[in-house]
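So that you can see what the record holds, here are the features copied from TrEMBL:
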DOMAIN    38-150  domain 'HIT'
MOTIF     130-134  motif 'Histidine triad motif'
ACT_SITE  132  active site, tele-AMP-histidine intermediate
């Protein structure tokens, strides 16, 4: 472990706090991984957490400092610092949920362009040393990037997510996630 990885001690890891506040779902169906409004109460944590998915090994919640509206984080439930630290089951489950959650973000935000970003270690711009992927919608209001194959993902001012917006967006995402799971007719849980 690198000394730069200790900028959040384990006991204060915000994502571990979220995992503890929103217990993993052991249900038999994928739908059971989508918490209802009561189970997704954002005030279970401080600061508030806007939960969209709570499965055995993976959780998804809104970024509280979003780059754009609908910025979603997909994280391991267990404390893993880098992707290389993940177990095979965690990797499989994140790989399963990322495309589904990407469709949900696109549907709820009405934005079909998005970045999926993951950073490993402090020198790679990882702020919270806990494996997580960002799904960041890129609306048309973003600067034009014609003739460019990439843009800097972290540019721009980030403001705190308003609690009312967080409750509304997370609720819409949970509804869309239930619809998406039903649409793909997934059988048993991972």
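Numbers run from 1 along the shown chain.
Using N, Cα and C of the backbone, Cβ positions are placed for all residues, glycine too.
In TrEMBL, annotation is done automatically, which means it is predicted and not curated.
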Report, as a single number, how many Cβ atoms besides its own are within 10 Å of the Cβ of residue 132 (active site, tele-AMP-histidine intermediate). 23
Is the motif 'Histidine triad motif' (130-134) packed against any residues at least 6 beyond its ends, judged by a Cβ distance under 8 Å, and which are they? 8, 13-16, 63, 67, 71-76, 79-83, 85-86, 90, 94, 98, 115-118, 153
Run through the domain 'HIT' (38-150) and tell me, per DSSP, how many residues are helix, strand and coil. 31 helix, 24 strand, 58 coil
